[in-house]
Amino acid sequence: MAAASGLPSSSLDTRDSYEEALAALSSLITKRSRADKSNKGDRFELVFDYLKLLDLEEDILNMKVIHVAGTKGKGSTCAFTESILRSYGFRTGLFTSPHLIDVRERFRLDGKDISEEKFLVYFWWCYNRLKERTNEEIPMPTYFRFLALLAFKIFAAEEVDAAILEVGLGGKFDATNAVQKPVVCGISSLGYDHMEILGDTLGKIAGEKAGIFKPGVPAFTVPQPDEAMRVLEEKASELDVNLEVVQPLTARQLSGQKLGLDGEHQYLNARLAVSLASTWLQQIGNLEVPTLTQMSILPEKFIKGLATTSLQGRAQVVPDQFIETRTSGDLVFYLDGAHSPESMDVCAKWFSLAVKGDNKSERSEHLVNGSSYGKCSGEENCQQILLFNCMSVRDPNLLLPHLRNTCANYGVHFKKALFVPNMSVYHKVGTTADLPEDDPHVDLSWQLTLQKVWERLVHNEREGEDSESIKSEVFTSLPMAIKWLRDSVHESSSTTRFQVLVTGSLHLVGSAASASSASSCSTILDSIFPPVAGKKGNHTSIISQTTDERSSHERREASYFSSSIYYGGQQHYSPPRAHDASSTSPSHHHPKETDDRTDTTASASRGNWWKGSLYY
């Protein structure tokens, strides 16, 4: 590990200290909505105070940063860019959000998540220093700001050659925008998202994203809607920024190689990354990189970097590790964190081509764990299933039609739709959070709203069909949905393949990614609720002990799983309280949830995948 002045020793590398760090990180989570600006601790100017308190001002000025904002594709663009620079032998630092399972995923050094040992050393150095030096006027930073500051410290201490920073939310007032002299900036595809923060028009959203532009610093973007492009060009002109619009890569430019990230939309993200990496190499690496034209072939190291890029939760295919395919069918998860109407279209196209066997949707081996899962042969009975949730600030009347209609255009129809909460009601980042005392029940009102939107959509378009073919279900938790899927596979023939699209939220995707590699969902349920979850049997047989045999705490735990499971709106066993879907609307706010890139509720940072993950 590179030496860093003032850092404590790394003797903290124990399980307890990691849990303590996660608990400390949890203390920075606020219980306010993203649009609530009442706290003076939200002032953007405080970021510069924090840099001063951490003695990072000079480090930030000297850091060779590639800064990327956007609505869709910015994480993929950053991952492509980092992989290209690493293929040239440069030491890289990559900061992205969200983490899907472990908070350390946000900090990559040379393409790998930061080690637990290093994370602990840098975490406690930053946290303790800020605790000692903050006060009423300069309070402790909130969750995402602290993580951005931690990234700056890690990259400075580790002496990375290139720091690639993905904006968390917007751009102008994002914590990553403390960087005043980046080498190059990028704006990926823009669309409607986080409108309660960024504005209700594409022009306003583009203005926030363009906030990362710096005087004289070159910038690149992709084709944008006219309204958004006009704003980007105006902002660039005001700051004397040379803004260049790039087009998607072609197969010829990749010399026949496939991108490491699947989906046709990635050719545009990859092209943006090529421009960002080329500019950095020319200005900082002092390398002669040929100008890319539509007829040229990329340099070998560019192709290698693009082909070996990996990023969890984006167009990712994961076969379920628990299914024994020799005696039953198999179960394959298709994971994509799409959560806007435009990204739903892209996700639906990718999924449809993947399951239908289009050559353009072949996956790289690392995305399927070295297995050739995905496409169905003529001998297999493939059933497409949707596993969905989105946050209540999003409109399912926009998301679900985009998803279903695009799939239908490619001949893909979902046999069943499953709706689950993203996470539990925990307010901690960690693995040992206690159940809250005030409300031990799961509120499924939002999931019932999603179900109603889906059923209305399906019935309107396929009126007269057998209702069994369009069944939808609401589960009280993701573990229960996964267990139901596995039980269904075990009951099916050996030629049946369940192809499950998990989308609508990166929280949900992260949880499903972990679930697919768990040896048994029942084992995981046991680890949360030891006396409650039975190891075998279907999902309606959850309570395995009598009330008298359990403590009051255990009974509270059990109540989480005594809520109803709904099949097409029909209740199959009594809930602890009624859930009236008719009283909800797409704008209803789930009282116990977080939204993408919010700072209100936290989740698992590693191991306990059922708690989801913070996005912002």
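Numbers here mean position along the shown chain, with the first residue as 1.
Quick reminder: no glycine exception, Cβ is built from N, Cα and C everywhere.
If you check TrEMBL, you get these features:
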{"type": "BINDING", "residues": "S97, E166, H194", "note": "Mg(2+) binding site"}
{"type": "BINDING", "residues": "R314, D336", "note": "ATP binding site"}
{"type": "COMPBIAS", "residues": "547-556", "note": "compositional bias 'Basic and acidic residues'"}
{"type": "REGION", "residues": "536-556", "note": "region 'Disordered'"}
{"type": "REGION", "residues": "572-603", "note": "region 'Disordered'"}
Whole-number Å only: compute the distance from the Cα of S97 (Mg(2+) binding site) to the Cα of D336 (ATP binding site). 15
For D336 (ATP binding site), the same-chain residues 6+ apart in sequence with C-beta under 8 angstroms from its C-beta are G313, R314, A315, Q316, C347, W350, F351, L501, V502, T503, V509
E166 (Mg(2+) binding site) CB neighbourhood, other CB atoms within 10 A: 25
Number of other Cβ atoms within 10 Å of the Cβ of S97 (Mg(2+) binding site) across all protein chains: 25
Enter the number of other CB atoms within 10 angstroms of the CB of R314 (ATP binding site). 26
